[in-house]
Amino acid sequence: MPALSSTMKEGKLSEWLTSEGSPISSGDSIATIESDKADMDLEAFADGTLLKILVEEGETAKVGEPIAVILEEGEEEVELMKLIEGGGGTEPVVETQEPASSSSPPPVSASTEPQTPHTKVYMPALSSTMTSGKVVSWEVDESGTVGSGEPLLTVESDKADMEVEHLGDDGFLARICVEEGASCDVGEVVAVIVENEEDVAKWDGWMPGASVSAPSPSPASPAASKPAAAAKAPSASSPAPSGGRVIASPLAKKVAKDKNIDLSQVTGTGPEGRITVSDVEGFTAGSPPKKKSDTPPVSSWKPANGVVAATPMARALAKKSKIDLSTISGTGQFGRVTEADVKSALGESPKKKKVLPGVPAVELPSGFVKYSGMQSAVSTNMEATLTVPIFRVSSTIEMNSFNKLYASVKPNGVTLTVLISKAVSIAIQKHPIMNSRHDSNGGIYYNSDINIANAVALDGGLITPVMKNTNEKSLEELGEEWRDLVSKAREGKLKPDEFNSGTFAITNLGMFGVTAFDAILPPNTGTILALGATTEVIRPCEECVGGMRKVKEMTVTVTCDHRPIYGSDAAIFLKTLKEVMENPEKWGVK
């Protein structure tokens, strides 16, 4: 039983999508699981046969308990049945495979796996909401050595970019199955690592049966438009400067050392001039280094026979207009037929927008743009809140004294976000129900720590860095922690625990002049506080000359889950928060 969310402790088997004795393939949906968040399909991570169903439809099982047995190719059914009947628990997951006794290895293809000792590397789940990941970069070249604990690749998840380390034994990266810029589902094979260097060549051209989406083409990265099964095209590069740092793959360094070749004299054809083993093997001593060509490299990729390369919009328009794409000459990248090419073939001239004299033309975006990983996660989380019964309560807080405190601590690196988070944590200590959440077991889950999550807008997304134990730290400590979190968020380097461990959320649109707004409650949270802008207003004052005075006020609104938190709880909390922020001298903190 998989953990489909960070809070899931057990799951209910809603439906089996296949039956005992049926063959299954890696990536096939085999069951539907009801978690504490939603119903999700469970995919098979290996080819084989569904030998035995251990948890029937409608039954529940704790996370980690076996729900079925899959007979993989090469395994003995009798041994597995003994294990099941004997109650021996879960069978071990065999990552490495020993070579089969054969006089000659079978030909390598997408369906024939070389019988060598190896370990498959799968796309990891880097957050509780991640369902697919994009390979940003490979830190090791094919045929390069891979050490245990060393960074292997960088993955873009639905939250941030993270390095993935190799946790197995040392080996050689025999096959990269998902190229840089391409995406695949969590659990699919992204690479193969072999134990013996001589087995590297046996995996050349092998691809798993799982589907991998090719990267979107862009002018800055033409190689990203190749199919996932295509080999990396070498790009011309200049030789490494003499006496400078030489960038080379581990295997290239090993071969160069064996052949007594000075790597500074070798021209690297790998990414960013990286020297590969083929560069070393093709190097002739005394030959002048190859000069970098002024002509940009041309991609060697060509579509398969009978396949016309065209954009989705072009295919849709051609189908609608009943025109054969093979008769159209493509002008897009790598010769792809674009929508404009189809329109030109239909005799349509590009529409020119009317522009007023003296007004520059503005090109507006048009058409469908697929969500990024982070945008998809935000969309999913927002949809999940539709099932939560919420209510909202607003209050107005006088900010004069609070602003004076902010002016005094600002030189110490304390931001307004930090100061408000501190005030909120003080109020939460008096009303811990506001730091709680609904639990699917039918009760209230009280969080012992006050971890304040503040929403930060990113280019094309949103993330909530978390200041942990806000009530226990000084303003200076929180200021330093927040600067570090924001820096990581901008660079996409936040760890999952740094953005999904919040117990109370804050969102602020006041800096944009928004006076008041309602926030959507994030999943797995009981309360979110929305902050508006500070505005100057005139209020009655019996002690002031003229009976009036000018004050600065801010409107705040809490959105709460009505299951654990009631309207009176929120009202009393806002009353306390108002007292705390209007009287900061009583905080007793520095």
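Don't overthink the numbers, they just go from 1 along the chain as shown.
Cβ atoms here come from the backbone N, Cα and C positions, even for glycine.
Annotated compositional bias 'Polar residues' per TrEMBL: 16-29, in sequence order.
Among the features that TrEMBL reports, compositional bias 'Low complexity' is placed at 91-103 (among others).
Annotation source TrEMBL lists compositional bias 'Low complexity' at 211-242 (among others).
Sequence annotations record features per position, and here TrEMBL assigns domain 'Lipoyl-binding' to 1-71 (among others). As a summary of secondary structure, the domain 'Lipoyl-binding' (1-71) carries 0 helix, 33 strand, 38 coil according to DSSP.
Across the residues of the domain 'Lipoyl-binding' (118-194), the predicted structure has a mean pLDDT of 82. Residues or ranges marked as domain 'Lipoyl-binding' in TrEMBL: 118-194 (among others).
The domain 'Peripheral subunit-binding (PSBD)' feature in TrEMBL is assigned to 247-284 (among others).
Among the features that TrEMBL reports, domain 'Peripheral subunit-binding (PSBD)' is placed at 309-346 (among others).
Under the heading region 'Disordered', TrEMBL lists 1-29 (among others).
According to TrEMBL, the feature region 'Disordered' maps to 88-118 (among others).
Taken from TrEMBL, the feature region 'Disordered' applies to 211-245 (among others).
Per TrEMBL, region 'Disordered' is recorded for 262-304 (among others).
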Mind tallying the domain 'Lipoyl-binding' (118-194) by DSSP state, helix then strand then coil?
0 helix, 40 strand, 37 coil
